[in-house]
Amino acid sequence: MTGDRNSRTKKQRQSNRLSRTLGRYVNHENVFVRAISLWGFCAVVFSLVWVGSYHLLPEGLLRGTSLAYFAPVETDETETTFLRIFGWNIGSAIIIVVANTFRSVNTPMGYLVVLVSIVNGALVWRTGSLALAAGRIEPSIATVLGRSGVFELSAFVLVAVATREVMLWQQRSPPRWREDFERVRSPKDWEFSLNELLVLVVGITLLAAASYREAAQIIDLVG
């Protein structure tokens with residue numbers, strides 16, 4: 001019993017150490033460190049969920065569970081389809097920014113929105129539950145580079161880290177599930193560095209490029 005207890009304690013300490021290390025990097029003062037760290041973490045999560053669900057979930061299981069499934073994006077023109085997809089993605093980016101106005105201890109809640117989007121995207125890909133049915137999508141680098149979804153998710157990561165400082169409400173200390181959010185700042189207190197603005201512009205530009213690429217792929221598929 002003592003050995004089991006010591007083993008659990010050791011694992012808990014290792015988990016806490018890993019969590020603190022991750023938190024230190026994704027919440028780093030340097031926006032580039034934040035971007036690389038959060039993107040890397042999300043890439044690992046995406047890959048694990050994508051590969052891990054390959055044999056566990058049936059095809060089409062999650063079709064219709066994503067709000068994007070109901071987005072009216074199909075048209076006869078690439079430009080119109082692009083505008084609809086880009087508008088939808090900008091709406092998602094705004095949700096991330098709004099979520100960032102809430103901070104749990106030191107972590108912006110927009111990060112959680114991004115992480116949920118990452119997991120959902122991996123599951124939808126893996127089970128072939130895309131709005132335009134394409135069957136199961138097998139994990140590979142070629143698949144990642146050949147589709148727009150990962151680039152859109154990467155853009156959301158950049159938006160999240162660039163707008164980290166828009167906090168208005170904060171949980172000052174754990175436990176996170178019991179503590180209330182308190183108003184600690186106002187929009188007049190917001191300050192953005194040039195690097196943060198640069199990352200935000202790059203994120204929106206990447207989102208636009210990925211949206212146009214997706215629009216072109218949709219037109220090719222349905223045309």
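Note: Cβ is positioned from N, Cα and C throughout, glycine not excepted.
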Fill in the blank from the handout: Candidate ranges 9-28, 109-128; TrEMBL annotation transmembrane segment resolves to 109-128
Practice task
Counting only CB pairs under 8 A, let me know which of 31-52, 82-102, 148-169 has the most with the transmembrane segment (109-128).
Solution key: 31-52
Fill in the blank from the handout: Long-range Cβ contacts under 8 Å made by the transmembrane segment (31-52), restricted to residues 6 or more beyond its ends, are 22, 25, 111, 114-115, 118-119, 121-123, 125-126, 139, 150, 153-154, 157-158, 160-162, 164, 193, 195-196, 199
